[in-house]
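Here's what Swiss-Prot has on this protein:
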type: MOD_RES; residues: SER17; note: phosphoserine
type: REGION; residues: 23-54; note: region 'Disordered'
type: MOD_RES; residues: SER24; note: phosphoserine
type: REGION; residues: 75-103; note: region 'Disordered'
type: COMPBIAS; residues: 83-92; note: compositional bias 'Polar residues'
type: REGION; residues: 166-209; note: region 'Disordered'
type: COMPBIAS; residues: 176-195; note: compositional bias 'Acidic residues'
type: MOD_RES; residues: SER243; note: phosphoserine
type: MOD_RES; residues: SER326; note: phosphoserine
type: REGION; residues: 399-437; note: region 'Disordered'
type: COMPBIAS; residues: 399-413; note: compositional bias 'Polar residues'
type: MOD_RES; residues: SER403; note: phosphoserine
type: COILED; residues: 414-470; note: coiled coil
type: COMPBIAS; residues: 414-437; note: compositional bias 'Basic and acidic residues'
Amino acid sequence: MPHRKKKPFIEKKKAVSFHLVHRSQRDPLAADETAPQRVLVPTQKVNDEERRAEQRKYGVFFDDDYDYLQHLREPSGPAELIPSSTPSTYSSRGEEDTSVFPSTGIKLPSSVFASEFEEDVGLLNKAAPVSGPRLDFDPDIVAALDDDFDFDDPENLLEDDFILQASKPTGGEGMDMLESDGDDGNEWEDMDEGGSDGCGSTGPLSDGGDISAPGSPREAMKKHLFWEEETKSRFTEYSMTSSVMRRNEQLTLHDERFEKFYEQYDDVEIGALDNAELEGTIQVDSSRLQEVLNDYYKEKAENCVKLNTLEPFEDQDLAANELDESEKEETVTVVLEEAREKWDCESICSTYSNLYNHPQLIKYEPKPKQIHLSSKTGIPLHVLPKKGLTAKQVERMQMINSSDLPKVSTQPRLKTESKEDKKARKQAIKEERKERRVEKKANKLAFKLEKRRQEKELLNLKKNVEGLKL
């Protein structure tokens with residue numbers, strides 16, 4: 001049966017290859033989380049021979065796969081649009097969703113390719129800070145940022161009490177009135193001078209602009225002045241008015257409770273603190289350690305009595321004892337002993353045996369004897385035992401049975417031996433040698449059989465061990 005050539009799954013000549021690259025920052029879909037961040041870019045197949053022939057025209061004779069012509073082209077050359085001669089058979093919806101490659105007939109979604117239209121500025125450049133002059137900024141702010149602000153101009157300076165001046169109401173201008181809400185009193189509304197009906201005040205305004213009638217905006221303003229709420233907190237150096245939330249009755253009560261609680265932790269109220277177990281290291285030559293030792297020695301010196309300050313014991317019967325001692329004279333023998341060498345702490349501790357210290361007496365070890373060699377044999381002298389049997393060898397010889405020793409071969413030959421005795425002695429020697437040969441042959445055969453048996457057991461053991469390996 002003839003072998004049929006199998007059609008390849010991918011035809012290399014008609015196949016289209018792609019490069020998987022990151023999506024461009026100027027692509028509008030780069031900020032879309034649902035769109036893939038990597039796209040496919042089709043590779044451009046160029047014939048190597050044609051490319052090399054084109055390179056030779058421009059004087060490039062390198063024989064490698066690199067395209068040197070890309071450096072010779074103009075970066076922004078003229079572009080020409082050539083319309084397609086074959087009309088598209090796909091609908092507009094199909095063009096948006098898929099991309100068709102006629103060489104393979106494979107349809108891929110458009111989301112896996114880069115967008116056709118790109119923005120002029122990428123996402124990273126949009127997020128970068130803008131440098132240069134900003135025309136949309138206030139000129140005064142720009143001048144202050146550029147250090148062109150005139151601090152010597154009195155109009156640019158603020159008064160020390162600008163907060164108080166800003167909080168004082170003026171007669172000719174409109175005044176903002178604050179009205180507490182019925183629920184919690186923290187809602188305020190802006191009211192004009194003419195809208196007196198909205199605030200519920202019944203008193204008329206005076207000509208001088210003085211608002212003193214009960215229920216008037218002036219009286220409402222006095223209840224909520226800024227400097228009345230300026231109260232420092234014990235917990236921080238900031239005031240309560242620096243809080244974002246306006247302080248109503250409940251918040252004020254909450255603040256007062258906190259202030260009362262923190263009064264217990266003032267410097268004058270804090271008592272002795274608990275002793276904390278601190279661990280650490282300190283240098284031996286530290287000044288702090290030296291001060292502590294000096295204080296300790298001073299305290300001990302005050303509580304102890306020195307020997308040179310001892311006073312004699314005052315006896316009450318001193319007068320009577322002096323009379324008796326004057327009558328009796330005693331001879332006292334004073335023995336002066338030589339001062340012994342005292343042991344210090346280090347020498348005492350050195351007598352204790354531990355893992356690293358093994359105290360013992362230092363002994364004088366004599367030098368080993370020098371080894372002398374024999375001039376004849378080269379063997380060390382006085383090393384090998386002397387000739388003759390040792391005591392152990394003599395004891396072993398006595399334990400040997402005399403029947404096991406050869407009889408004829410060890411018997412001395414007498415000088416007065418006759419021919420018959422000589423013939424009998426030689427015949428006995430022959431018989432003894434014959435028995436010795438038989439015994440030697442039997443021993444050799446026994447050793448040979450034992451060697452075979454042991455080799456067979458060793459082979460079986462080796463096979464069993466190899467069979468147990470995993």
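For all residues, glycine too, the Cβ spot is worked out from N, Cα and C.
In the shown protein chains, 16 other C-beta atoms lie within 10 A of the C-beta of SER24 (phosphoserine). Following the DSSP three-state reduction, the secondary structure of SER24 (phosphoserine) is coil. Between SER17 (phosphoserine) and SER24 (phosphoserine), the C-alpha separation comes to 20 Å.
Following the DSSP three-state reduction, the secondary structure of SER17 (phosphoserine) is coil. Mean model confidence for the coiled coil (414-470) is a pLDDT of 86.
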